Structure formats: structure tokens, C-alpha cells
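See below for the structure under consideration.
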Amino acid sequence: MHEGAKKLMQLLEEDTVAILDSQLNEEQKVQVKALGIPVMLCSTAGVRDFHEWYRDALFVLLRHLINNPSPAHGYKFFTNPFWTRPITGAEEGLFAFITLNHLSRRLGEDPARCMIDEYGVKQCRNDLAGVVEVGGASAQIVFPLQEGTVLPSSVRAVNLQRERLLPERYPSADVVSVSFMQLGMASSAGLFLKELCSKDEFLQGGICSNPCLFKGFQQSCSAGEVE
């Protein structure tokens, strides 16, 4: 674990230093080296599925490596247990939701979606898009709520301003974020193949025959050949 984590952090550190050196002027470099650089490193479902003892040990090691970078380049990196950790499925979905709506320019105070009410106060409405995000080990569904929506007691809405994911000046945004473990592309395919290849009718000469694949197409599988 230690050697793998060390190699990973070395690559990330080298890439980060290269970007900083190419984008900052000399005066900015002096300031950044004096102040230090905060680092966020979050993992998603692939790591959430690890045993808890392994996951905790991995992130203790990653935080140590971030907080003790190579002195050769002069930059100082720092992090803490909140910035560098495995995130929940709901958080993973929220980050995807915010990214999508930011890139599609749906966040912020669009004048076309704002009006002055009878009291002279500017009111802005949201035009946010929901997202279905499918990863390797999990899938997330996130959708915005209309004002006044009543939810069942089992469903928890998240306000993006209260969670400090959006500035207060933006229109208030309430969303529901739900995550489904084992419904990612890799995990669901693995579960499907495990069930499929456990049946004799799909085994031909020790090779699993997948009826969903085109004839002649081969797929690598940890349990054996699939075609």
C-alpha cells in the first residue's frame, strides 16, 4: 500500500508543480510558496467498497504524504481529514450535479430568470438540470426540487447554500441526491456475468457465452473468457 500511494502522490505532485510553474509569474510563486496550497483529494465508490480498516489506513497515508511533500520544488501542500477522504454517494452525486449545471451555465444570477417583487426585492428562480451519473462501482441520481415540494419523511433534501456548495447570492437550490452501490458500469457488469456464467447453458468448453455480446466479440473477465 505504501509504495503504491507514494508513487501516486509523486505523480500528482509533479503534475501540480508543472502547472503552477507554467501558470504563475515569479511574484505569484513567492506568495504561493509562502502561504502553501490546500489540497482536496476525494475518492468515490470504488474505494468506499474497500474494507474499513484498509480505507482508513490508505487515507491516513495519503494525508501524511500530502502534508510532507518533496522540498526540492519549494511548494508546500497541506490537507486535513475533511479535505482528503472517501466521500459518500450523495456527495458524489452533488459534485456531478454542480459540475453539470456550472458547465451548462445554469448556476448564478441570470437576468432572464430574475424579477423585482412588489417589495422592491430582486427574486431569482433556478433553471437547474437533474443528472444521472454512472461510475464504475455506483450510480447517482440527483434532481432539483420545485419550491414548496413536500417529500416523504424517508427522503432528505439538501440545500446547496446551507451546505456551502453555492454562494448565498445565488437562487436558493434544494435537491435530492440518491446513490446506488453496485449499479456502476463495472460492478453491475461483474454481477451480471457472475450470474450468467454460473449457468451451464451459457458455458461452452469452459468459455462463458454472453448473449448480449455481438458474435465473435470477446470480453476479458477475471473469472475467465467471455464471448
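Just so you know, glycine gets a Cβ as well, placed from its N, Cα and C.
Unlike curated entries, TrEMBL annotations are predicted automatically.
If you check TrEMBL, you get these features:
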type	residues	note
ACT_SITE	E92	active site, proton acceptor
BINDING	G136, A137, S138, A139, Q140	ATP binding site
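Between the C-alpha atoms of A139 (ATP binding site) and E92 (active site, proton acceptor), the distance comes to 9 Å. Within its own chain, Q140 (ATP binding site) has G89, A90, E92, G93, A96, V131, V132, E133, S177, V178, S179, F180 as residues 6 or more apart in sequence whose C-beta sits under 8 angstroms from its own. Here G136 (ATP binding site) comes close to A45, G46, G184, M185, A186, S187: these same-chain residues lie at least six apart in sequence, with C-beta atoms under 8 angstroms from its C-beta.
Same-chain neighbours of the ATP site beyond G136, A137, S138, A139, Q140, judged by a C-beta within 8 angstroms of the site's C-beta center, are, in sequence order, T44, A45, G89, E92, E133, V134, G135, S179, F180, M181, L183, G184, M185, S187. Residue environment of E92 (active site, proton acceptor) contains 24 other Cβ atoms, counted within 10 Å of its Cβ in all protein chains.
In this structure, of the binding-site residues A137, A139, the smallest number of CB atoms within 10 A of the CB marks A137.
S138 (ATP binding site) counts 25 other C-beta atoms within 10 Å of its own C-beta, drawing on all protein chains shown.
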